[in-house]
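A.B. asks: Input: one structure, supplied below.
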Amino acid sequence: MTEDIKIIVSNDVIKGMTRLPNSVQTKALEFMLKFQTDPRSPGINYERINAARDKNLRSVRIDQAYRGIIFQAPRDNVFIWLHVDKHDDAYAWAEKHKMSINPVNGALTLTNLTFVEETVKRSVAPAPTQPNPLFEDLSDRDLMALGVPEEMLPAVRTLRSEGDLDALQPELPVEAYEGLFLVLAGDTVSSILASRETRVDRDIDTEDYAAAAERDESRSRFYVVEGENDLQEILSAPLEQWRVFLHPTQRRLATRNFNGPSRILGGAGTGKTVLAMHRAKHLAGTLVGTEKKLLFTTFTTNLALDIEDGLKSICTDEQLRHIEIINLDALVYRLLKAKRYEHEIAFDFEAKCQPLWEAVMVDFDPSLGVSSNYVREEFEQVVLAQGLTTRDAYREAPRKGRGSILSRQKRDALWEIFENYRLQLSTKGLKEPDDAYRDACTLLSDEESAPYAHAVIDETQDFGPQALRLIRALVQPGANDLLFVGDGHQRIYAKNRATMSSCGIDIRGRARKLYLNYRTTEEIRLEAISLLEGVEVDDLDGGCDEIVRYKSLLHGPKPDRIQGASMESIHEGVEEFIREALKDNQDTKIGVMANTTRLRDQLATHIREAGYKVATVNHRERLSRKDAQIFAMTLHRAKGLEFDAVVIAVNKEMNQDMRKLVYVGMTRAKRMARLYL
Ligand SMILES: Nc1ncnc2c1ncn2[C@@H]1O[C@H](COP(=O)(O)OP(=O)(O)OP(=O)(O)O)[C@@H](O)[C@H]1O
């Protein structure tokens, strides 16, 4: 490819390749490679398309039956591959579409003109009772600043309900759809643009397709081919959209400079893990040629393993050499072992700590007026969370969110229990993980420099204060040092609620959000959030998060919620659900989730007996490598995973913690879900 030629490929072409017959795929790829080497080669016959309204569209011959549609920019040797199809279909497609550059935000846009005309036609002569157009208060410039292509303005002007907007969504750029629903949720155009960091203050040259292709908005749907082997690599790897096409906000956050720690919030399925992986790739790229390392850490082991596979699919070997992917507990274990730490870290509370806790609680005096559960929570949420080691420190400690005030005498009485418990642990050579994190922090503070240059942290909501302090201590303070992604709605270990600022992590001015759910249908998302009604959700830094601004791109059937079913009818129902899920697509991946291991195993056994192959997802297992279609797991194991269809059974009261757990489980589903309560 010569320097002055730019080849761009649309996501439609990249997605569409797999739908072509194999022989056509091969020919299309061969053609693209030839085209990439020299788009002006005499061997390539550009045919004008007489009926096309965009006069820059051309067709090229792939074989006797298939044609490619290419946009030839008015100047600068820029060629954009837009579509591949059978001859007549390709021509019909070309007649409908128009490429342009959004004159306000400078993004490449492709508009289906016929769709716009039909939308406008349908809306003429509104009945007098119809509501006003949704965006009548916004100027054309505002709409284009949000990402609406100029050619789509007439269609957007006809919208009168959220349903109308959803019907337009498949034809709108993602950022335009997102901008419009944020306006409906009450945001102003300027606040949306500011939080996205979209620039609309430049003069846009609407004929400069080379410059437009580089903008983050364009890159959410167009890929700029970088070098000789680039296109082949893209097309031969698994065609998961997230590897190549990021939401403009994902791309910006993955690559921008932050002058310190940053935190990205986003509801389930909004692409936080995807963003985190691209951020790691980007930062690792800056470390090539140095000895420095980036830490990618998560709470759950299974997720760390899947992220490792994800990173391998987007990073070069050189970049990978600078990334260490490990869940935090495993990292702490390794770190302390290397320092000849004398204690065993009691990761398994039930097996290691519970008997000792129960033994010291024998002396607990009920006349203190608090329950034994309250005492354990006090130990976790105040003593362990703040790393308190003396009675005096506990007497003075703030107890925000603990509900009741404890007199000095009561605190002293509780301290005796706590001290005694730690002593019992110590005689057995054990430490609770929070205390071990604290010890690791102290050991690190003796070192000359922190072991990592950067860290990217997924599932931040499940890291407690000691874990956050340790993460801080593991990374050299500086630009781009820490990127946290998380979602308070998905906190499944309530004791781990933390405030980043009180753990030495200052994210002021560097907090951002993702809004678009790429995974679940809107129907599943709404059903899942209805479980969280009345549950207070925090923003990981002492403030509140809200849910009204999230939205899904996909639609599908409303999930079922079935209450009070007998075990027998749950078994029948689960089997029927699986049959239904597999009906149209035998490759459907199904998650079967339960709140206990016992219930999980019961369901798995029943499904196996019904003739299906079921894999049980355990600790430290890569889901992506399991040879099965149906996966049974506890709700705790479901974090970070995804399935086409999810069926959940819960046999316990739906308290706040359980609601969050079920929320996590249900938002793993892409298109079908059912819940038994
Ligand atoms: N830019 C994108 N384009 C297409 N698909 C995307 C994009 N970003 C994310 N996805 C897809 O959306 C789904 C959810 O992404 P991801 O797992 O990163 O979300 P998340 O916010 O970490 O979710 P959760 O918090 O629920 O675990 C995945 O299937 C992912 O491949």
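Glycine is no exception: its Cβ is also placed from the backbone N, Cα and C atoms.
TrEMBL entries are annotated by machine, without manual review.
What TrEMBL shows for this protein is this:
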- 245-527: domain 'UvrD-like helicase ATP-binding' (DOMAIN)
- Gly266, Gly267, Ala268, Gly269, Thr270, Gly271, Lys272, Thr273: ATP binding site (BINDING)
A.B. asks: Under 8 Å Cβ-Cβ from Thr270 (ATP binding site), six or more apart in the same chain: what's there?
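C.D. replies: Expected: Leu514, Tyr515, Leu516, Asn517, Tyr518, Tyr550.
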A.B. asks: Do any residues at least six apart in sequence from Gly267 (ATP binding site), in the same chain, have a Cβ closer than 8 Å to its Cβ, and if so which, in order?
C.D. replies: Asp487, His489, Tyr515, Asn517, Arg525, Ile529, Ile547, Tyr550, Thr667
A.B. asks: I want to check the contact list for Thr273 (ATP binding site): same chain, sequence separation of six or more, C-beta distance under 8 angstroms. What comes out?
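C.D. replies: In sequence order, Leu303, Ile307, Gly310, Asp458, Val485, Gly640 meet the Cβ cut-off.
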A.B. asks: Report the same-chain neighbours of Gly266 (ATP binding site): residues 6+ apart in sequence with Cβ closer than 8 Å to its Cβ, ordered by sequence.
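C.D. replies: Listed in sequence order: Lys272, Val485, Asp487, Lys513, Leu514, Tyr515, Tyr550.
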A.B. asks: Counting every protein chain present, what is the number of Cβ atoms, excluding its own, within 10 Å of the Cβ of Ala268 (ATP binding site)?
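C.D. replies: Its Cβ has 25 other Cβ atoms within 10 Å.
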A.B. asks: Are there any residues at least 6 positions away along the chain from Gly271 (ATP binding site) with a Cβ closer than 8 Å to its Cβ? List them or say none.
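C.D. replies: Set apart from Gly271 (ATP binding site) by at least 6 residues yet with Cβ under 8 Å, we have Trp242, Leu246, His247, Gln250, Leu514, Leu516, Tyr518.
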A.B. asks: Look up Gly266 (ATP binding site) in the DSSP assignment and reduce it to helix, strand or coil.
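C.D. replies: For Gly266 (ATP binding site) - judged by DSSP and reduced to three states - the answer is strand.
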A.B. asks: Taking the domain 'UvrD-like helicase ATP-binding' (245-527) alone, what is its mean pLDDT?
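C.D. replies: Across the residues of the domain 'UvrD-like helicase ATP-binding' (245-527) the model's pLDDT averages 92 on the 0 to 100 scale.
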